[in-house]
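A.B. asks: Structure below; questions to follow.
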Amino acid sequence: MENRALDPGTRDSYGATSHLPNKGALAKVKNNFKDLMSKLTEGQYVLCRWTDGLYYLGKIKRVSSSKQSCLVTFEDNSKYWVLWKDIQHAGVPGEEPKCNICLGKTSGPLNEILICGKCGLGYHQQCHIPIAGSADQPLLTPWFCRRCIFALAVRKGGALKKGAIARTLQAVKMVLSYQPEELEWDSPHRTNQQQCYCYCGGPGEWYLRMLQCYRCRQWFHEACTQCLNEPMMFGDRFYLFFCSVCNQGPEYIERLPLRWVDVVHLALYNLGVQSKKKYFDFEEILAFVNHHWELLQLGKLTSTPVTDRGPHLLNALNSYKSRFLCGKEIKKKKCIFRLRIRVPPNPPGKLLPDKGLLPNENSASSELRKRGKSKPGLLPHEFQQQKRRVYRRKRSKFLLEDAIPSSDFTSAWSTNHHLASIFDFTLDEIQSLKSASSGQTFFSDVDSTDAASTSGSASTSLSYDSRWTVGSRKRKLAAKAYMPLRAKRWAAELDGRCPSDSSAEGASVPERPDEGIDSHTFESISEDDSSLSHLKSSITNYFGAAGRLACGEKYQVLARRVTPEGKVQYLVEWEGTTPY
């Protein structure tokens, strides 16, 4: 992956004031928008900007003023409504030159009407964005307008990087043709109401081939960027990217490391986008990964032999039940898999730098601004050292948490919160557990792992007279439920005299009073002590079946019996798993 220098003057705003689009020009665009687009007529051939950043030839079938869009038929006979802002039409031959922005026909010093050498439309030098013919950007012959520069330079896999058109595109990308603060975004900052993205201002789909700038959070088409060495995969967001506006120069990009679970997730997502199927055979998944091995840019995983890739992928599919669904779970073939939720994988936020660590515009190092290809070592020394320390700390923490991940969310009620903290899943990527606790917070045993895929269920004997046994998982008491020291001493003295019933599986209550105490332990203790009364009720409700019921864990009653002493007991099958 090619890394361009991350400019020391990276800012929170979109460029300096002198580089912002001319607000007067933008106002003229809005005022004359309908008059300009009234030239679009049925049967006219136009270029339409699509969600991938590319332009496609089409023929207008219908014009809608209310929708400010046209129904366009493309070369493959497909029909779509396209917004006026995304339609590029040609000028009329022989027509008197006039500005396509302000519709004016007069020219002045340093404000002449320039005719685009491709579309034939005219633009005042001051109306064009950026201003045409400035001191640092002389006019080319022939001259091309902003839209035609994009139409000439954008490519699938990345825009042109060499030549006059590529240099002009880089200059054009330094200024946006819209006001980003006016865009109305959704809460995850993935879509906006205006359907305005990238440098080109066209439509886009964040879950396809788009990069999100880490600073301004705008999305940019793969086809409009000039920093990629390899084409992108659908939904691949494992990049640290800064746009040209934020970096005040060429784009900066860095590939983030992927784990095997991310590789197979990305492969399943791409297979689903391309074939519209839900389930895929493991051999099909493996073949896809091997075929796109170079495009995945896996870093340290790249050296993995072909023979070792299959076991790693299969282990990830079987281990991470929170992401993948096996056909065996729905009584189909066990060698087919699909995504539980059809969304691309999230890059781990712990590997991204803190925005506060990035240099600002007022720093002394802003004088060292780089405009061309540079190595990361050319950044200011102090910033580089600080960046390395933070990156190493975050990466080591991420790898440690990945080595001891949470238990499978299908068998543990605490997984939603734990998975979100480790893997940075968003809410639309985690299926909420129907049996989640409503008010209390519990912690699973440290031995549970996300790779645990046990299918057995725990069976426990539930006694009708409140003789609760300790649950299959160790749990910590809430702060208010910890035993007072005096109660622990009394419980230890009475422990040898207190009988305890065994469960249907033959598991007895532990002798340590911290882990479980039979309810009859307190019969000889005065109930006048309010703390002991509260302790008795809290422990009874926390440990064993009562605690599992309070957590909302699902269960099924398998049998009922009456003991010779007249006690009614039930054999209960719990949904969760047990290590014992």
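The backbone N, Cα and C atoms fix where each Cβ goes, glycine too.
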A.B. asks: Between S365, S374, S500, S526, which does Swiss-Prot record as phosphoserine?
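C.D. replies: So the answer, going by Swiss-Prot, is S365.
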A.B. asks: Going by Swiss-Prot alone, which of S366, S524 is annotated as phosphoserine?
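C.D. replies: Per Swiss-Prot, the residue annotated as phosphoserine is S366.
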A.B. asks: From the set S13, S64, S457, which residue is assigned the annotation phosphoserine by Swiss-Prot?
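C.D. replies: S13, according to Swiss-Prot.
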A.B. asks: Find, for the listed recorded positions L47, Y55, S187, the residue with the lowest Cβ contact count at a 10 Å cut-off, counting only other Cβ atoms.
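C.D. replies: With the recorded positions L47, Y55, S187, fewest surrounding Cβ atoms within 10 Å: S187.
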A.B. asks: Pop the Cα-Cα gap between L47 (site 'Histone H3K36me3 binding') and Y55 (site 'Histone H3K36me3 binding') into the table, whole Å please.
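C.D. replies: About 6 Å separates the two Cα atoms.
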A.B. asks: For a three-state summary based on DSSP, what are the helix, strand and coil counts in the domain 'Tudor' (40-93)?
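C.D. replies: So the domain 'Tudor' (40-93) is made up of 3 helix, 28 strand, 23 coil.
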A.B. asks: Measuring Cα to Cα, tell me the gap between S187 (phosphoserine) and L47 (site 'Histone H3K36me3 binding') in whole angstrom.
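C.D. replies: Answer for this pair: 32 Å between alpha carbons.
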A.B. asks: Within the region 'Important for PRC2 dimer stability' (531-544), what mean pLDDT does the predicted structure show?
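C.D. replies: Across the region 'Important for PRC2 dimer stability' (531-544), the average pLDDT comes out at 54.
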A.B. asks: Which residue counts does DSSP give the zinc finger (195-249) for helix, strand and coil?
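C.D. replies: Residue counts in helix, strand and coil order: 7 helix, 12 strand, 36 coil.
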A.B. asks: Per DSSP, what is the helix/strand/coil residue tally across the zinc finger (96-151)?
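C.D. replies: Output for the zinc finger (96-151) reads 6 helix, 11 strand, 39 coil.
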